[in-house]
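A.B. asks: Per Swiss-Prot, the features are:
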TRANSMEM  4-24  transmembrane segment
TRANSMEM  37-57  transmembrane segment
TRANSMEM  87-107  transmembrane segment
TRANSMEM  111-131  transmembrane segment
TRANSMEM  134-154  transmembrane segment
TRANSMEM  208-228  transmembrane segment
TRANSMEM  242-262  transmembrane segment
TRANSMEM  272-292  transmembrane segment
TRANSMEM  330-350  transmembrane segment
TRANSMEM  386-406  transmembrane segment
TRANSMEM  416-436  transmembrane segment
TRANSMEM  462-482  transmembrane segment
Amino acid sequence: MNSFPWLTIIVVFPILTGSLIFLLPHRGNKVMKWYTLCICILELLLTTYTFCYHFQLDDPLTQLTENYKWIHFFDFYWRLGIDGLSIGPILLTGFITTLATLAAWPVTRDAQLFHFLMLAMYSGQIGSFSSRDLLLFFLMWEFELIPVYLLLSMWGGKKRLYSATKFILYTAGGSIFLLIGVLGIGLYGSNEPTLNFETLANQSYPVALEVIFYVGFLIAFAVKLPIIPLHTWLPDTHGEAHYSTCMLLAGILLKMGAYGLVRINMELLPHAHCLFSPGLIIVGAIQIIYAASTSPGQLNLKKRIAYSSISHMGFIIIGIGSLSDTGLNGAILQIISHGFIGAALFFLAGTSYDRIRLLYLDEMGGMAIPLPKLFTMLSILSMSSLALPGLSGFVAELLVFFGIITSQKYLLMPKILIAFLMAIGMILTPIYSLSMLRQMFYGYKLFNVPNYYFFDSGPRELFVSISLLLPIIGIGIYPDFVLSLSVEKVEAIISHFFFFDSFQEKRINGKRILLV
């Protein structure tokens, strides 16, 4: 166990210092904004320092572990730890939250509560990614939903309460299945609850029971990822939420579902994952094509970007189902890559709305001349969304593509068919991306009238846009920087499935053998 509680400090620091924001002057909006921004920067620096000096990349085991007895009544521990799978999402969370705080600068109504909720969400997300106890993971998962619901219901468009209610109904429904899975796994085969991830990774279950647990977790994570048909909350939520909240949703919240699939479904329930992985690949391929073909029909700019996010999540699903180290590395890289791309697109959509007060594409046009900086940034980021070579999306999707082609788990013809469907989705992506640019920036609309003048992107908006663009370019040029974080852990996860294939005939009373 680690001698110094680095992770506890990282988890608690945002919400603890954020609660002090209510002691600041009520009318001091600038003071609150700078205070929140400083907290996010300090948290990001602390996280970076901890990982740089206390984390070993070549070790696939859990590091910086902390284990404190919390509730003695049912043996509940405060267990934290990180490995190659969680370090990337944690750093992504810090980076996106810091920029989202800067993006929320124009928010003035109930600014104290708004910034506190962002910091509370920050703590919940880092807690979910660093939890090594199943019940603690569930508590952090649920805790994070409270600030998200309040951010959605109090700031945004006219239908924000409807979208927030839809979001909480979907996620609360998924949380019921998550709780059932947590209690089922924790209470199975023992008089006392077993909730430690390391212990549960060595636990064996009857096949039917493992499948039931897997389905429960899959439904919970499918809502958050989202996986069709449990995706309908996402376009409505993005369409009404404030764009800084959209940055957090697209950049971090969706990735929690993918993280849960790998952390729990793949690691703790490998036999059931072998059974369900072909279905995941089929659903992922369908999702890529469905969302990419639905996106061009969306006139609301933010809903169109939301459907593009759903399409890109299909690549993550296929990578997780590929059961290959190349495919899983591609899925993890897509988690990081789309975190930057999705956050950047929603930020630019929000800044354009701040200027023209329009969200529907059929009302726009001719914005390239009055808003050249916005036009340039959105054009570059749209290219990254359609996986232009040299940008992060290209490397991630290429790895997933090769991962499914080179997977040893599937026959040749199904792999060719899935690759063909993925290629169709890649072809459809430029259709909605380029048509969005054409409708916004080209043509002859109201913005070409001489009497109309709009302020282009200012220093704050350019800083946020460039800060999101640089990692996209950096990962596209040198993807090993991100892949090196998770490659050892991915090999350890995938090796379990090959080990299982070698000894799967050795079963006793319907239970699988020990996989690790």
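Just so you know, glycine gets a Cβ as well, placed from its N, Cα and C.
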A.B. asks: Out of 4-24, 37-57, 272-292, 330-350, 416-436, what stretch is closest in contact terms to the transmembrane segment (386-406), meaning most Cβ pairs under 8 angstroms?
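C.D. replies: Per the Cβ count, the answer is 330-350.
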A.B. asks: Under a criterion of three or more Cβ pairs within a distance under 8 Å and sequence separation of at least 6, are the transmembrane segment (416-436) and the transmembrane segment (462-482) in contact?
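C.D. replies: No, the stretches stay apart by this measure.
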A.B. asks: Sort out the residues at least 6 away from either end of the transmembrane segment (242-262), same chain, that have Cβ-Cβ distances under 8 Å to it, and list them.
C.D. replies: 85-86, 89, 92-93, 96-97, 99-101, 103-104, 107, 118, 121, 125, 128-129, 141, 144, 148, 151-152, 155-156, 217-218, 220-227, 234, 302, 305-306, 309, 313, 316-317, 320, 328, 331-332, 335, 338-340, 342-343, 345-347, 349-351, 353, 493
A.B. asks: Counting only residues 6+ away from its ends, which parts of the chain sit with a Cβ under 8 Å from the transmembrane segment (37-57)?
C.D. replies: 2, 6-7, 9-10, 13-14, 17-18, 63-64, 82, 84, 87, 90-91, 94-95, 97-98, 101-102, 119, 122, 126, 484-485, 488
A.B. asks: Under 8 angstroms, Cβ to Cβ: which one of 4-24, 87-107, 272-292 has the largest number of such pairs with the transmembrane segment (462-482)?
C.D. replies: 87-107
